[in-house]
């Protein structure tokens, strides 16, 4: 339905004949490539279709440009480490110049974007406005702060809290923005539950005031118990975090055990039920909004692929198709680093009948095809086999190889068992005291045993297969061992010179223990769980970004408000100030008595660590009280705000995400496109099962297959694939978007229906703005 | 497919002619009624089909028998309150006689059950074996303990920990058993995650030992920091509960802030990711197993209804049907308390064509039909209208009524607003100090205002409609106000006699504050959330049962192990023992310093409260340490065990359940059968919308409908329904089974397929035992 997609409002013009001057065709190709590339990476930015704009657009999306943007975003964020209050102090002049540089880079990126996108779209996009406003505000703040600095007045660098805006609002941060949007959409529903929760807290506060207020009870610290309604409300809020249980209950409980029922009721209703309801509401909304967004994304992808098809199509017989030559050029533009054998495989899948052209249905799959990483394995003989075949194929050598491969007969499992036992003994040795020289010499023994293991494996497996791109555990093993070897050597050298470097020793110790992780690999059930965790790892990083944004903003605010109020002084110094964290207001407080002075907002690192502690929630009240003592009772609002945003909102979204990801991982089937590719690979007889590679059975298997394959050697069509084996990269290492799309794949309308752009945008219940959903 | 179900192995014999002696027919009816009743209540106990056994079976399932069983179960559990260590001590003779009585009752119930169920089935059922073994063990324990008591040796009453077995293993506790089964089925999966978690903890423990062990660091209390691998493992386990954060990190953090990264990594991996994975695994398995069980239940129901149909069917024309007269008698036996109008409605739904008989499809729905509570509303005029129509219909009276109904015009909302404001002012008055006599007199004002409100409502609405069975909020309002009135009067009377009863005052205060909850009713969004919570309330009670079972067992064990080790002595007494909780081993411990002496295992109430505190997790380590000090370090295993069972397993299942229930509540549609009933009610013109009743618009609406209805008066068929209106009881107040079945309704095979009993039992992946799945 070309007319349909045409109506959706693209601006390019295309002559209907298939023969154009090469220059014109080049431009068409670039335009189509831009569409395909957008579809592949789920970019939803509308772009100008003039030849110059398309070239600029390709440049805009080039990885170097995106990497540079990220670099400046991170430099900008990292500036807080060097500004007052600093971990590593630098003069204001240096940091401000660095900041101006970053702002210039952001501005440049924005200008570049403005050149490739239609003016109207650009100015309607809140992202761009946000970035521009933030740049201007930061410059103003810099100027004011600089001027005040010049006359020696310390100003407030408030614009620093805005820095995460850049991380969120550049089109590169699609996932973080999606999560933010999902939070924003959940807010109304959360709000009502939260109000009800506050109402319930208020009711309980009133009850507590009436029940306990007049009894003249005292807390352990001797302060009055439950006499002030605001104090009660704060205590009860903290009880939701569980941080003051059971202390808050003890005075009443000591009076009469019936009163504990009040607290138990409160805990059941507000801590358990309400917190679960928060999770349920967040989870429910998270799923709903995510589904809508992914829905829209999938339709947009389809739309863009149709656009690309319409640009490149020619009529052959009754149907429109894309010629093979053009298709090849297109793929080369979209994915320049695709190997020619991979390209051949893709063509074979897309052009099933080998008619020399690709039809529409197959063309539309191209974006998905490109997203599936196919690993081309170049089957080579082991180098040793080539160099000295007789020795390598001798019966002793073969026995060693079979033992290492540990998949032939039962007794050959011995290799794995022996090494598991070695690791176990190693663990016991680590746990023992190592000052005994015998034990410290044993370390060298273990190290050499591990090195021997790696060498044996390299002897058995072809090295480039062993260190394949996706052989995570092989890489892990080898890197840990090499690093441990280097660090141990370094440590011994340093020690020999009577100079003990703690850092190097720490690294040695950690590496030595990380080696024990290898046990996981040999137990199948463990490997499954770990694989699932690694599977959802990249998506968890999105949350890392989200958490960073919130933490950073709170840290900057915290630093402005609480900076320098609490100091950590070495208690060994004997200074009386050390006992009150350098602030007399903390005298006799639980904060100072518990030696929490190190928890302060005096620099970015301390602030972030403190915020992490607050996220874990324990001693929440103690920490909040400490900072309220040195400033004002209102400071508690900062801590409650942090709790609501991070613990109630973000941690719940994190849990919701892990739940969802785990359910998907449990029920994950191969996608339709993946199945098609696999079928083709098998048909062509160039497939390798993933497990075979992982278990190291690659080489055995090759012998059997090789003969079957060579029978086809005369077939001209297959000559490009000769000597190569393919397999689909395993399910792990999926991109976030792929994983999410797969979650809702079944609910997306079947192929063949091409909705118009208008229809697409109406799919989501709230009218998603085309520009915003990028 | 009667042959099919016959093959499934029932034992009754039935002559194929439809005319039998009345006595024989009675027995058939009883047998069919037993099947239908089993299907209605999802009972899966096979029973003997001899006439006597069926009568016994009906008696076995009679509510008085079930209530008696529950009564004895609770008495048996409650005995722990009166036995040493007792809350209310009673001599051993009394409690042991009570226990023997309970055991006799349990045995009687078991013998009764053995009489109605086939011998083979009875002896293969682990539930029955469990109960018998527990009875025998308890008797043995009683005899041993009694003999030892006689010679003044204090024995261990270990069999008390077995008491929850009765709560679980009587067929009455289907839901609790199902949850237990669901936990048992989840265990293998949990186990692997748990092992991996322990492994990760071990790795981190080793790292901590190497990193911090040799630094000679000290904790705040001055004890060595991270020097012993077992201590480290315990500390790190506690860190997963967050109970010792950030204390556990402070010494290392003070040394160098880089070391905090170790703890943050640990918290992210073990506290956040692993705990979420536990939730994910539990949730996933919970759903899976629940689905299987419900699946089986639904098929069994279908099977039993088919059995009942086959017993009662006669051939009319080409198809088998059940005659109307027989159908009526069956329903009367199955549900004796169904009103004749309700029966008429059910018949009208089942016998659509009014042919005088019910066909198979409609007969099979009977169990579901009986489960749907249809409320018959007897539309009466307001009594006042009958007594003094002129006054009641006067314009002033009508104005009052309209204001109270608050649904006519905008200004009439004023009634609700006025009372919301009154409640608000009331809240402020409560928060203020009430020693001021003006304020304490205001309390009487508020009380009278609330009473006036209720009287006005009773004036407007017909009293029996206002106090309808499902008018939760009306009941709530009235009861709270009446109770507050009584308590206030009682309190004033007591005070007038210069005698201040704290208990009465407490009740007054709580009631006074609970009145504020009425605000929720007037805000629609709040009402929705609260309704959902009430909706899943009954199912949450299942969890109450589950938690009780586990708590009770742990409390009994705790009482045997830790009883009398820690005493709460009034600190005001000045005794030096009071500062160490009566145990010198606690000198200088955080336990004694924090005044936690009241947290002990000295009686059942204290134990349960302490276990609740441990569930909330905060100060978990402090409490565990305290008990380890007064007994042995191994005591910590008790606390870790409790944490694993309750916090990791049961709390997660609770959260999983709330999540699932909320998702269902969000997406709950009326079931197919409900829709059919509603359609019929509407067709017959006797329907009342639920909202109308709730908003109190019942009476207005009646006038309009009454006229329409009277037109049909001549219709003979409808004469039984005259003057009655029906509505389906609202979605809330569903039974647990109904809710769960509805969750998975869509996945149950469509009607018409009658699987055999064998097939049914093979549906669940693990072969569910027919006897066990009851």
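Cβ coordinates are placed from backbone N, Cα and C, and glycine is handled just like the others.
Since this is a predicted model, take the numbers as computed values, not measurements.
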Where TrEMBL places transmembrane segment among the ranges B:370-388, B:389-407, B:503-521, B:560-578: B:503-521
Long-range Cβ neighbours of the transmembrane segment (B:472-491) (under 8 Å; 6 or more residues past either end): 443-444, 447, 450-451, 454, 457, 466, 501, 504-505, 507-508, 511-512, 514-515, 517-518, 521, 534
Contact between the transmembrane segment (B:190-213) and the transmembrane segment (B:129-148) (at least 3 Cβ pairs under 8 Å, separation 6+): no
Surrounding residues of the transmembrane segment (B:129-148) on its own chain - C-beta under 8 Å, 6+ positions past either end: 92, 96, 99-100, 103, 106-107, 110, 123, 154-159, 162-163, 165-166, 169-170
Two-stretch contact, the transmembrane segment (B:637-666) and the transmembrane segment (B:533-554), at least three Cβ pairs under 8 Å: yes
PLDDT averaged over every residue in the domain 'Ion transport' (B:413-667): 80
Intrachain residues whose Cβ lies under 8 Å of the transmembrane segment (B:608-630), provided they are six or more past its termini: 234-235, 238, 241-244, 551, 554-555, 558, 562, 565-566, 581, 583, 585-586, 589-592, 594, 596, 599-601, 636, 638-640, 642-643, 646-647, 651
